[in-house]
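Q: Below is the structure I would like to discuss, written out as structure tokens.
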Amino acid sequence: MATRVYMHTLGCPKNRVDSEVMLGTLAEAGYRLVQDPAKAEVIVVNTCGFIESAKEESVEAIVELADQKREGRCRKLVVTGCLVQRHAEELARELPEVDHFLGTGAYQDVARIVSDAQAKRLVVPDPDFVHSAATPRVNSLPSHTAYLKIAEGCDNACAFCIIPKLRGGQRSRPIDDLVAEAAALAAQGTVELSLVAQDLTAYGQDLPGKVRLHHLLPELAKVDGLRWIRLHYAYPRDVPDALVAAMADEPKIVKYLDMPLQHSSDRLLRAMKRGRDSVFLRDLLARLRARIPGLALRTALIVGLPGETEADFEDLLRFVEEQRFERLGVFEYSPEEGTPAAEMADQVPDALKRERRDRIMAVQQGISRAHQQAMIGRRLEVLVEGRAEETEHLLAGRHAQQAPEIDGLTYVNDGVAYPGEIVTVEITDAAEYDLVGRVVARDPSRAARPLPAAPRPPPPRRKGGLNVLG
């Protein structure tokens, strides 16, 4: 009987792709993949080491899953990822129950190390691995959606960020290799492709021939079967007109852009070493919205960088009120050893960081509510995910401006559809992050296939002020 392996992934979508590559490598080597750690002889934990809270979550997961080795059928516990790349020796001392530690440059070796009784306990080479279309990969999301990692590493030197030390420098994948992987995913049923990288807009700067992201996008759009292509982790420093035009003119590129801006105060932007000032950021946002009407912008901000004054924070708060981002997340600055920001004077107290985060999110909640209310009455294309977790009486899906895993959902309380089907939904209700609607049109080729309607719902209930059952 094949040895069973369970993968536990923490962190970002880029980490998820790494886990999928490891799963593919293990499956090709004959291992059987399972969803329950209690059934696995091998457990792999792919960690995140970006900020302190992520490191704590990773260690907690390792300790919890180590119970399976003491009390269950697990015979080998393997820990991989960014936390290992950064703290391998310390982890090895503190976690004797772990059999192997693999850094970010050793993902391709996971099957060999798991099967080799003589393999080293610490395998932490330079972080120079990048997978290709030929690398085995198992998509861990529903087959209709997938991530495509177009590059690995980062050449930026943001003062607060440890990622270049964990992932190495920028390494872009060739266009033909990315198209081949996208086509393989589409052949498996993927209709939504989310492009990710540490710095998406730096794509191609390390490749010969002056290849850039705006050259890649039209080639991906030619892949049969793909319907939606979305962009994540765009660095604002390098968004040329050609890229904006490609996003505006190609129908498969959804009107959604994830672009972390981090701050608006010029003093803080200089301290962060972001390379652009607030005038540039405002001009860029205006250019994007003018050229791509209806664009939904997601951004990430940092509060509490050392030296952030109340005036700096008020500048950021005004920026949020002014720009009215459709989606926004806020991180409390986490001092990371080995980064310039960790050595800066005037560290901000944790309580003040939390207060500033909460103030921004309170403002954003009202902005988000207004954006959502404006959706009522509109007809949107919705990618159906399946039955809602809350109740079988609802379908759950996402419209083109709701990214997987990080944004809200669109609940369907009237009509039927298949997981992976894109249907037209009329929006009937809205809350801060989620929408409710009814199916008003389906692709005739899909609608012809029989699917039982959901059971009639019980009396209406509300979710955060949202009447999800109509």
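Note: Cβ is positioned from N, Cα and C throughout, glycine not excepted.
It should be emphasised that the depicted structure is a prediction, and the values quoted were computed from it without experimental measurement.
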Q: For the [4Fe-4S] cluster 1 site that Swiss-Prot gives with Cys12, Cys82, which of Cys48, Cys154 also belongs there?
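A: My reading of Swiss-Prot gives Cys48 as the candidate in that site.
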Q: Using an 8 Å cut-off from the Cβ centroid of Cys12, Cys48, Cys82, can you name the remaining same-chain residues around the [4Fe-4S] cluster 1 site, in sequence order?
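A: Near the [4Fe-4S] cluster 1 site, beyond Cys12, Cys48, Cys82, sit Leu10, Gly11, Lys14, Asn15, Thr47, Gly49, Phe50, Ala54, Gly81, Leu83.
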Q: Give me the sequence-ordered set of same-chain residues, not including Cys154, Cys158, Cys161, with a C-beta within 8 angstroms of the centroid of the [4Fe-4S] cluster 2 site's C-beta atoms.
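A: Here the non-site neighbours turn out to be Asn156, Ala157, Phe160, Ile162, Ile163, Pro164, Gln198, Asp199.
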Q: What's the number of neighbouring CB atoms sitting within 10 A of the CB on Cys82 ([4Fe-4S] cluster 1 binding site)?
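A: That number is 29.
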Q: Which value does the mean pLDDT take for the domain 'Radical SAM core' (140-370) in this predicted structure?
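A: Reported value for the domain 'Radical SAM core' (140-370) is a mean pLDDT of 96.
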Q: Within the domain 'MTTase N-terminal' (3-119), count helix residues (DSSP H, G, I), strand residues (E, B) and coil residues, in that order.
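A: Computed counts for the domain 'MTTase N-terminal' (3-119) are 61 helix, 23 strand, 33 coil.
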Q: Please list, in sequence order, the residues in the chain of Cys12 ([4Fe-4S] cluster 1 binding site) that are at least six apart in sequence and whose C-beta is under 8 Å away from its C-beta.
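A: Long-range Cβ contacts: Cys48, Phe50, Val196.
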Q: Between the Cα atoms of Cys154 ([4Fe-4S] cluster 2 binding site) and Cys82 ([4Fe-4S] cluster 1 binding site), find the distance and write it as a whole number of Å.
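A: One finds 14 Å between the Cα atoms of these residues.
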